[in-house]
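**Q** Quick one: this structure, given as structure tokens, is what I'll be asking you about.
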Amino acid sequence: MSASVTPEQLKALEDSLLNTTGNVPLHIRFRALFTLKALKSEEAIKIISRCFQDPSALLKHELAYCLGQMKKTSALPVLETVLKDVNEDPMVRHEAAEAMGAISSADSIPTLKQFLSDPERAVRETCEIAIDRIEWEQSEEGKRALDTQKVERHIPLYTSIDPAPPTSKLLFGAPKPEDVSQESIDILKSQLLDKERPLFERYRAMFTLRNIGSPAAVDALASGFSDDSALFKHEIAFVFGQLLSPHSVPALLNVLRDVNESDMVRHEAAEALGGIGTPEVFPHITEWMNREDAPQVVRESCQVAIDMWEHENSGAFQYANGLEATPAQVAVA
Ligand SMILES: [Fe+2]
Ligand SMILES: [Fe+2]
């Protein structure tokens, strides 16, 4: 994808994201957003920031996610405003706090601390993890890890900036599944499920299991769906959306169909299923996109998931202008 665009192209992306005509389908707005994210420019940050007036919580949480992934401190003021707005949807506030963690500026710590006892559990838990993440990046281990990554030019397995790094021994790359014993997986699983540990540490086990990625690791991750933290469970579903293992489909379908599950977790399961794109997924995401009794965020996520599924199954390599992000390129938050 080109890193520079003409002013006309930028305007077209802005019109698409902001839906200035009033008839741009949501999944097309998502594609415009991911193209802007890839540009990583200050203009792109400004355009994305303008879209927080939108009524769709799904779209707004994705705006915050993208701003975090762009890792520019110029996005911090708008993210702080979103986090501080107690009338904003908690899923959007959560994503704003997580984005502040991804940008990882020590200046964000006082603001994040203000929300450690927020009435919304997902918000306070995210702030806790974001603070730990920022402190980790500035710790000896964190600094060493970032230096090693630069010097040895490690190409990360996943390009996302994650809320927590894998455990120290497996900071870089993925071991071959045959080199990982069931015993190691069991240890990671017990760390993942241990509610006595800080969430940041449990997340480190989660991202380690993601990097291992074998069916046994997927099973260990799926056991996290029995947790009582919606935040924790939605992150498991997010990780499944990155892993794209057909082995995770039954667990994700259970989440999507569970009307007692939180919207945030079901939304993430829907998008992960769209990315995996196996045939048995399609009837379920279609059903939940059309179910009038489903929460809006679940229906909209299924709409985005269908776009991803169709792309996954179309054999298309790229879109006509080569500029537009394809749904398969995006790891939606
Ligand atoms: Fe999230
Ligand atoms: Fe999400």
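The backbone N, Cα and C atoms fix where each Cβ goes, and this holds for glycine too.
All annotation found in TrEMBL is predicted automatically rather than curated by experts.
From TrEMBL, for reference:
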BINDING   His61, Glu62, His94, Glu95  Fe cation 1 binding site
REPEAT    75-115  repeat 'HEAT'
BINDING   His234, Glu235, His267, Glu268  Fe cation 2 binding site
**Q** Can you name the far-off residues of the same chain, 6+ from the ends of the repeat 'HEAT' (75-115), with a Cβ under 8 Å from a Cβ of it?
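**A** Those are 45, 48-49, 52, 57, 60-62, 64-65, 67-69, 122-124, 126-127, 129-131, 133-135, 137-138, 161, 163, 231, 263-264, 267, 297, 333, in sequence order.
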**Q** List the same-chain residues at least 6 positions away in sequence whose Cβ sits under 8 Å from the Cβ of Glu268 (Fe cation 2 binding site), in sequence order, or say none.
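**A** Result: His234, Glu235, Ala237, Phe238, Gly241, Ser301.
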**Q** Quick one: which residues besides His234, Glu235, His267, Glu268 have a Cβ within 8 Å of the Fe cation 2 site's Cβ centroid, in sequence order?
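**A** Output for this site, in sequence order: Ala230, Lys233, Ile236, Ala237, Phe238, Met264, Val265, Ala269.
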**Q** Provide, as an integer number of angstrom, the distance between the C-alpha atoms of His61 (Fe cation 1 binding site) and His267 (Fe cation 2 binding site).
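**A** With the alpha carbons as reference points, the distance is 11 Å.
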**Q** Let me check the 10 A CB neighbour count of His234 (Fe cation 2 binding site). How many other CB atoms are there?
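**A** Looking across every protein chain shown, the total is 24.
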**Q** Please report the DSSP secondary structure of Glu268 (Fe cation 2 binding site), reduced to three states.
**A** helix
**Q** So for His94 (Fe cation 1 binding site), how many other CB atoms are inside 10 Å of its CB?
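**A** His94 (Fe cation 1 binding site): 30 neighbouring Cβ atoms within 10 Å.
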**Q** Determine which residues of the same chain, besides His61, Glu62, His94, Glu95, have their CB within 8 A of the center of the CB atoms at the recorded Fe cation 1 site, and list them by sequence.
**A** Ala57, Lys60, Leu63, Ala64, Tyr65, Met91, Val92, Ala96, Glu98, Ala333
**Q** Near ligand 2, meaning Cβ under 6 Å from any of its atoms: which of the binding-site residues His94, Glu95, Glu235 fit that description?
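**A** Within range of ligand 2: none.
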**Q** Please list, for the repeat 'HEAT' (75-115), how many residues fall into helix, strand and coil according to DSSP.
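**A** In the repeat 'HEAT' (75-115), the DSSP-based counts are 33 helix, 0 strand, 8 coil.
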**Q** Under 6 Å from ligand 1 by Cβ, which binding-site residues from Glu62, Glu95, Glu235, His267, Glu268?
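**A** Close enough to ligand 1 are Glu95.
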**Q** Just checking, which of Glu62, Glu95 (binding-site residues) has the fewest C-beta atoms within 10 Å of its C-beta?
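**A** Counting other Cβ atoms within 10 Å of each of the binding-site residues Glu62, Glu95 gives the minimum at Glu62.
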**Q** Inside 10 Å of the Cβ of His267 (Fe cation 2 binding site), count up the other Cβ atoms and send me the figure.
**A** 30
